[in-house]
Amino acid sequence: MLSRRIIPCLDVRDGRVVKGVKFRDHIDMGDIVELALRYRAQGADELVFYDIGASPEGRSVDYTWVERVARLIDIPFCVAGGIGDVETARAVLHAGADKISINSPALGRPQLISELADAFGVQCVVVGIDSIREEDGQWRVRRYTGDPSKTQALPMRTLDWVAEAQRLGAGEIVLNCMDNDGVRRGYDIAQLRQVRALCRVPLIASGGAGEMQHFADVFDQADVDGALAASVFHSGAIPIPELKRFLRAQQIEVRDGQ
């Protein structure tokens with residue numbers, strides 16, 4: 001496996017970075033570009049930006065901040081939010097994003113994954129999956145999680161959707177474990193291991209990081225390709241240079257950074 005990736009996640013609403021707990025109660029965390037520059041300087045491997053209101057509000061992402069970020073950072077970044085067709089994806093990539101991520105629009109029209117893969121190559125197409133464990137013990141997907149008033153519970157099992165997304169051309173999967181989001185108690189290793197067993201493309205863990213050991217655990221125990229986190233990076237609780245030194249000390253290969 002290639003070096004593991006450390007990926008700050010920036011949820012965007014009204015031109016600002018916000019963060020919630022379990023996709024609820026978002027608070028302002030700062031300016032998009034300022035945070036992007038901070039993470040670039042600290043040695044982040046890439047960035048993910050989620051315009052969390054775009055899909056629930058039926059609009060596309062705001063290209064102006066995508067262009068601002070692209071002008072100022074030289075690490076890869078992925079943009080998600082309201083990308084429901086090839087032309088919108090093309091505009092986001094033209095604005096400077098390296099990858100686009102789709103979530104709710106793909107649940108409504110799965111063929112979108114194939115259309116994007118055919119147009120831009122699988123390396124550009126990330127499928128984000130918001131997953132929650134239900135009372136019967138099954139993990140199932142949620143839609144429109146950026147707006148609590150519009151969130152939809154779907155009958156589709158998470159594992160089935162992972163398999164289908166791959167078949168259609170997803171080049172990477174980001175698994176957002178909603179039960180763990182923002183609570184800082186560790187990644188959902190059990191769920192990630194099940195997804196890893198059937199996921200042939202790069203798998204990124206999201207939701208639950210609270211301390212450096214949580215990153216080591218998810219790499220060692222779930223064999224994910226990257227770990228995404230937000231609140232511990234935004235708050236400064238885990239500086240990325242220290243995290244990379246910690247992981248190297250545990251014989252986990254990470255990319256060079258500070």
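Note that Cβ sites are derived from N, Cα and C of the backbone, with glycine treated the same way.
Annotated active site per Swiss-Prot: Asp11, Asp130, in sequence order, evidence recorded as sequence analysis.
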In Å, rounded, how far does the Cα of Asp11 (active site) sit from the Cα of Asp130 (active site)?
14
Least Cβ-crowded entry, counting other Cβ within 10 Å, from the active-site residues listed as Asp11, Asp130:
Asp11
